[in-house]
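Annotation comment: TrEMBL describes 51-72, 590-609 as region 'Disordered'. What TrEMBL records for 55-70 is compositional bias 'Low complexity'. Taken from TrEMBL, the feature domain 'B box-type' applies to 187-229. Residues or ranges marked as domain 'COS' in TrEMBL: 336-393. Per TrEMBL, the feature domain 'Fibronectin type-III' maps to 396-492. Residues or ranges marked as domain 'B30.2/SPRY' in TrEMBL: 477-708. The compositional bias 'Basic and acidic residues' annotation in TrEMBL covers 594-603.
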Amino acid sequence: KVTIKGIERELICPACKELFTHPLILPCQHNVCHKCVKEILFAFEDTFADGGSESSNQSSPRIKISSSSMDRIDRISRSGTKRNSLTPRSSLFPCPGCQRDIDLGERGINGLFRNFTLETIVERYRQAARAAIAIMCDFCKPPPQESTKSCMDCSASYCNECFKIHHPWGTVKAQHEYVGPTTNFRPKILMCPEHEMERVNMYCELCRRPVCHLCKLGGCHANHRVTTMSTAYKTLKEKLSKDIEYLISKEGQVKAHITQLDLLLQETECNSERAKEAASQSFEKLYYVLEEKKSAALKAIEASKNLRLEKLQTQAEEYQGLLENNGLVGYAQEVLKETDPSFFVQTAKQLHVRIQKATESLKNFRPAAETTFEDFVVDIAKQEDILGDLAFHSNGLETPEINEEQSRVYNKALISWECPGKTDSADTYVLEYHKLNREEESATWQEIKVCSKSKVISDLDDNSSYAFRVRGYKGSICSPWSQEVILHTPPAPVFSFLFDDKCGYNSEHLLLNPGRTSVESRAGFSLLLGSERMQVGCYTTLDYIIGDTGIAKGKHFWAFHVEAYSYLVKVGVVSSSKIQKLFHNTQDVTSPRYEQDSGHDSGSEDAFFDSSQPVTLVTLGMKKFFIPMTPASPKDPASRILPLPSCLGICLDCDKGKVGFYDAGRMKCLYESKVDCSGMMYPAFALMGGAAVHLEEAVTAKYGEYHDDI
């Protein structure tokens with residue numbers, strides 16, 4: 001026998017937290033009161049109208065919409081369907097029990113089954129809870145009598161006399177079904193909510209709900225597998241009985257788990273009290289230190305105040321004595337009355353010295369003490385930061401480390417980190433960053449909460465340095481801060497372009513990838529044929545390719561990678577007025593793509609750049625960066641050769657007529673020269689032999705997600 005009071009938890013609506021009233025079965029198989037479903041839909045409708053404000057959540061005192069449900073409001077509001085003003089417009093809402101999105105379809109609430117079995121159990125529970133409260137007859141004249149039976153066909157309760165009157169022998173009503181007094185009346189036949197005149201006689205195994213024959217013939221269950229109601233009843237009852245028997249057979253194990261959980265509850269209570277006591281002691285120590293410091297500071301200020309007041313008071317008395325008939329002046333006036341020369345000289349000599357000092361002090365007046373206490377201002381900026389970071393530290397929560405190889409700054413900043421251990425015990429992370437500014441002594445950290453192990457930041461200033469740090473959180477416990485990593489932003493906004501596959505592009509010598517972000521020069525048979533036609537001592541020319549977008553004004557930056565195996569690559573900018581000269585040189589004796597002097601021999605390497613050149617570029621190759629020869633550069637060629645950075649950048653300033661070549665990893669300028677920017681400027685690249693150039697990929701939010709998944 002089941003004790004009704006022991007199953008109260010199963011009879012509580014997850015929305016209103018009260019006993020079910022006319023429960024409806026949701027598609028997720030959870031039960032919710034009919035009134036609660038309508039109120040939830042209306043509450044979400046009001047929330048959408050109010051823009052998701054928190055005040056709109058209290059549209060009904062019965063329901064309590066959780067924060068996780070409120071997070072779905074934007075998505076749900078876009079999916080809701082419109083209805084008339086008497087019914088909720090939204091048909092999509094999160095289930096209060098499992099938080100899954102429930103779509104009620106076109107029929108809305110009318111398409112849900114009422115759980116009569118659960119309703120009956122709730123009624124039995126109510127009767128057990130209020131056994132002393134009688135159900136009164138619905139037909140007695142005042143005062144009503146206590147009912148003795150309820151008619152399921154009439155949905156009413158009767159006393160003995162009224163029942164005989166309304167159900168006389170020999171009539172149809174005499175055949176009505178009656179039970180003991182109850183307020184729970186359910187229909188004898190379960191009707192289909194889709195087809196209200198049809199009774200359900202089948203069970204859809206896919207949707208796990210009763211259906212009628214019209215649902216199977218032409219409704220939404222036409223292609224679903226169904227079974228007869230009797231078969232479904234027998235099958236489900238057998239399964240439920242077996243599962244219940246299994247749970248009952250494991251009663252000893254369940255009780256053991258309950259005992260263990262009770263012990264864990266007690267242990268949790270004890271440990272929490274110990275943790276509170278330890279935390280209180282830690283803060284008491286801080287209070288003690290602060291009180292000691294406070295007392296010492298106040299004593300020092302008080303001592304300084306007394307000393308200064310004493311000095312100022314003494315000085316004020318001295319100046320008071322300089323008044324007529326008072327103090328030193330009054331005494332001097334009395335001395336002047338002495339007529340005997342010897343006596344006067346004896347006294348006046350010392351007095352005259354004092355008068356001279358007083359006169360000098362009057363001319364050069366300075367207070368004997370400062371009135372300000374600037375030297376006694378307590379600097380607590382660092383301590384505030386430390387106290388602001390005060391949290392529960394756990395030795396088991398590992399300190400994350402920012403991966404400098406995977407982190408990079410281009411058009412945006414991508415910051416990636418990892419935990420040194422094999423397992424990641426943190427639930428969330430907090431990423432902080434601030435701009436390094438020499439003028440500001442204490443920087444203000446900007447904080448971002450992250451659930452993954454990478455984050456894309458887009459609000460950084462150009463030509464700046466930023467410090468980044470990260471820490472992990474697991475509940476209220478946090479790890480120490482990671483070591484700060486300093487990254488530099490590009491000197492100018494990032495300029496986006498692709499390699500141009502039309503203007504001057506030679507597909508015989510150069511190979512573009514489908515996205516036009518990489519170009520490769522292959523030293524193949526065509527290069528040998530070109531070299532065979534050249535005169536002795538000359539080299540084949542470079543194969544040029546430019547960007548598909550030009551720059552007319554402003555300051556712009558772009559970055560790229562040069563493969564380490566590249567023999568010769570030139571990078572820089574070209575003016576639109578010189579593109580024709582670049583690709584169709586009149587001195588070419590073999591083809592439009594070849595010239596007798598490529599500028600790569602020893603003589604041209606020592607030549608200075610001048611404005612007559614069709615392009616302004618520098619030479620790369622064999623893992624080296626060659627700084628061009630200028631009048632100010634040293635004569636030793638070795639001093640102009642630098643290691644080739646893994647990523648190179650070019651900064652073009654059209655307004656100032658300058659182009660700079662950067663180590664894009666450190667954002668350090670390696671070489672800068674003047675350039676004629678009178679026309680449209682294009683990024684220019686030249687390759688010879690085996691070489692390859694890859695444009696730097698822009699940082700996007702999706703890139704960060706993809707990178708984190710990897």
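Any Cβ shown, glycine's included, is placed from N, Cα and C.
When Cβ-Cβ distances below 8 Å are used as the criterion, the domain 'B box-type' (187-229) is approached by residues 25, 27, 29, 107, 110-113, 116, 152-153, 177, 235 of the same chain, each at least six residues removed from its ends.
According to DSSP, the secondary structure content of the domain 'B box-type' (187-229) in residues is 7 helix, 11 strand, 25 coil.
Residues in the domain 'COS' (336-393) partition by DSSP class (helix H, G, I; strand E, B; coil) as 34 helix, 2 strand, 22 coil. Assigned with DSSP, the residues of the domain 'Fibronectin type-III' (396-492) fall into helix, strand and coil as follows: 0 helix, 43 strand, 54 coil.
Across the domain 'B30.2/SPRY' (477-708), the prediction's mean pLDDT works out to 78.
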